[in-house]
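Structure first, then comments.
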Amino acid sequence: MRDVVIIGAGPGGFDTAIFAKEHGLDVVLVEENIVGGTCLNWGCIPTKALYHNAKQIAQVKEADTFGIHIQSMNIDYDVIKERKESIVSHQVNNIETSLKRLGVELIQGTATIKDANTVVVNGTELATKHIIIATGSSVRKFPFKGDTLMIIHDSKDLLDLHEFPKRLLVVGAGVIGCEMASIFQHFDAEVTLVEYQKEILPPLDQDIQKRARNLFKRKGLTIHTSATLDEIRQVDDEYVAFVKTKKGIVEIPTDYVLLATGRQPNFGGINLEQLGIDYQASGIVVNDNKQTSIDNIYAIGDVNGELMLAHKATYDGYKAISHMLNQPMDINFDLVPSVVFSFPEIASIGKTEEDLQGTTYHKSKYMYKTNAKAQCMNETDGFIKMLANEENVLVGCHIIGAHAADLIHEVGSLMYTKISIDSYRNIIHAHPTLSEIIGECIKGFEH
């Protein structure tokens, strides 16, 4: 009998398998597709490869500002795509090598759970003490007229196009939608964002939402909020999207449509109902140890619907394994950083100002434009906003600006201490660095 069978080899699954093996457990990892899951193969990693291509393009376009005059620029999509695929392949190989080196048994196939101690893969029964469901999520789609046309894609399909879109309609202005819109806009596409809610990037802090919308528009994105896609129709020799807005129907000619309307947990075929595992449309119900309603079956990552982030899935797995070993890890899942790789970057951790309404709290904000390094980089758009509770303990931080994705982690480390912000005031930051905005923002709180 194995110690644990893990179903799904995405970030949560493969990291958990490695962690379990390193702690002496006999592990089987089952994957029906490619090791690495959505994040590595069709999500986080390939999009970040494209993001950094887009960033290079932006720097070339701004070269005149630095006294560098470039007469022309040729963007080779084949090279860009090859680079993206090479990075993904390299990362997949790294994971497979790690699994093999540690002796993790990897089985290719589709798994079903027969009972609390049996997983069936390709007709073979695997007896196990524990089961971890790490099957991830998939794109949530909605019906509309013309939803079967060939120009309609999800983020996975869009990454495999053989050409740059000249015109792109992005339906859904969450993290995926805004990242894709930013990337392809830098590849000179004419991009339109359509969002059902009244503001983009729900549920981020509203100050961040408003600033992001203004900056995106300034960079050339067209944005419709409180809007829905009603129909896509071929009109003469082009496709036209009909979008319902507060001002009526807007017709948007487009070459491609990206559906970025959220994700839904993958629990089809797992036999949840037959097993009696509690679940909702949003995900499998779990407790703090990531146990389902059956004690020795756990659910980690997107499939439990708590927070659909790759790094959250990994730490879900660590929490589950530590519970199996009776060596509980103290992980604060209220302090999970989230990042949007847009232009500029956005990062958040902890509570938003809206979360704190009705309580006593303090806030401080510091602008990028006053930071010397940001001026040297010509990246002065943005701000950092910190929130503290009545006891002057940091409970939230939100950044929009250059390298926000890296800066957020210093604040996260400070928040983990749960001590008064007065203790942070004397932390020295090197000059000139972007990190100084953190120190200045802390100083902005009243003594």
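For all residues, glycine too, the Cβ spot is worked out from N, Cα and C.
Among the candidates GLU195, GLU199, GLU251, GLU273, the one that TrEMBL lists alongside GLY172, ALA173, GLY174, VAL175, ILE176, GLY177, CYS178, GLU179, GLY262 as binding NAD(+) is GLU195.
For the FAD site that TrEMBL gives as LYS48, THR135, GLY136, SER137, MET308, LEU309, ALA310, HIS311, the extra residue drawn from ASP147, ASP302 is ASP302. For the domain 'Pyridine nucleotide-disulphide oxidoreductase dimerisation' (336-440), the DSSP-based tally of helix, strand and coil residues reads 32 helix, 31 strand, 42 coil.
In this structure the alpha carbons, written CA, of CYS39 (disulfide bond) and HIS431 (active site, proton acceptor) are 36 Å apart. For the domain 'FAD/NAD(P)-binding' (3-317), the predicted model reports an average pLDDT of 95.
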